[in-house]
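Below is one structure; the comments refer to it alone.
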Amino acid sequence: MKRDIHPEYVETQVSCTCGASFTTRSTISSGTIRAEVCSECHPFYTGKQKILDTGGRVARFEARFGKAAAKK
């Protein structure tokens, strides 16, 4: 590895708009990162995610072609 060509790797404080914060390491020189979402407030991680049926595609397909018969 060549010397003096790599950026400085420092401890960085990441803070979210929900108030959660954690420490990681990064090459950002300021030492702080502000994030809009994190694992504490993102719906996927909190279990509050809503699964949307985009226009009833499955139901529309089944109505058009019917359910496939089980192969024997």
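For all residues, glycine too, the Cβ spot is worked out from N, Cα and C.
Those TrEMBL annotations? Automatic predictions, nothing curated.
According to DSSP, Cys18 (Zn(2+) binding site) is assigned to coil rather than to any helix or strand. Sequence-distant contacts of Cys18 (Zn(2+) binding site), defined as residues of its own chain at least six apart whose C-beta falls under 8 angstroms from its C-beta, comprise Val37, Cys38, Glu40, Cys41. What TrEMBL records for Cys16, Cys18, Cys38, Cys41 is Zn(2+) binding site.
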Specify the count of other C-beta atoms within 10 Å of the C-beta of Cys16 (Zn(2+) binding site).
18
Using the CB centroid of Cys16, Cys18, Cys38, Cys41 as the Zn(2+) site centre, which other residues of the same chain sit with their CB within 8 A?
Thr17, Gly19, Ala20, Ala35, Glu36, Val37, Ser39, Glu40, His42
